[in-house]
Amino acid sequence: MNLRELVSALNDFASPALAESWDNVGLLVEPSPPHTVNTLFLTNDLTEEVMEEAVQKKADLVLSYHPPIFTPLKRVTWKTWKERLVVRALENRIGIYSPHTAYDAIPHGVNNWLTKGLGACTSVPLHPSTAPSSPAEGTHRVEFCADAERLDAVLSKIKDIPEISCLTTLPARVEGEEQTRVSLNCSQKALLEVVELLSQNSLLHHKTEILLLQKPLLPHTGMGRLCTLSEPVSLSDIIERIKGHLQLPHVRVAVGAGRTLESPVKKAALCAGSGSSVLKGTEADLYLTGEMSHHDVLDAVANGISVILCEHSNTERGFLSELRDALAIHLQNQINIIVSEKDRDPLQVA
């Protein structure tokens, strides 16, 4: 499959627009076109060892869940390991694509896979995603009427305000007078300037309307999950379920104040990777994530919430096998999809 066709298909599987604003997702390294992809190579982390594996297995595109390029590179040399990844990729005509938090958000993504470790439950996103293209621009819509005497002057000043879009005018009749109805979309910052301008020109009372442009929520899509178990289960049983699902011999556990290992768990909040910012403030019996700061763990425990930490990538890596099967269907089995055997969490219990 042509690389650009494959990237389009991957973007359809999980829109990059669903990723967090701070993230770096999509096609990160592109060999000179045309580039045909016969083998897609899946990994959680693209290390140098994993890159050598991709080279040996003749991969044409690496899908790395974590973006190996996150902060901007000032040069591409042999000096640092991330620069060397780019050099090796281009030398061997291997593209690099990263979905990261877009895969966290989608209903068929990493967090939904992680919920399976709890047993039978229902789940909803902790922070629901909004439709990225509705509305296309602006946070507010402003509509007002102006007579011919003031219209041109006001419009010329409005057009000088940054972050104004969708500006339209229509004839209108207000209290028997011929006027013009002006409609525009604007950002929160621009709204303040528009209101000030209308006030200066005595137009705020002329049938002015300010509407908040709320984007619709996407069902089952967003960051984190709040899970309600079908039946309460003891914390000790949940620990064993999680260990089995993630295929881990050990996890780290902090028992909430006033709780024991035999206390029932009915609601669990989870977030793959580093979940502190997503989980914080959520009422639940249990927080499940890869890593949290010491003080965030103390806060959770003080509030009677138990915490299970599995190390960052251990809460993500197991999804790759499920992803391989899902992408095979999505791509209609047109390319070979393999999962890295060298990819592993850098931390281990010694």
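Cβ atoms here come from the backbone N, Cα and C positions, even for glycine.
Residues annotated as divalent metal cation binding site in TrEMBL: H66, D104, H312, E316.
The Cβ of H66 (divalent metal cation binding site) lies under 8 Å from the Cβ of N44, D45, L46, S98, H100, S313, each of these being in the same chain and 6 or more residues away along the sequence. Summarising the environment of E316 (divalent metal cation binding site), the number of other Cβ atoms within 10 Å of its Cβ, over all protein chains shown, is 25. In this structure, of the binding-site residues D104, H312, the smallest number of CB atoms within 10 A of the CB marks H312.
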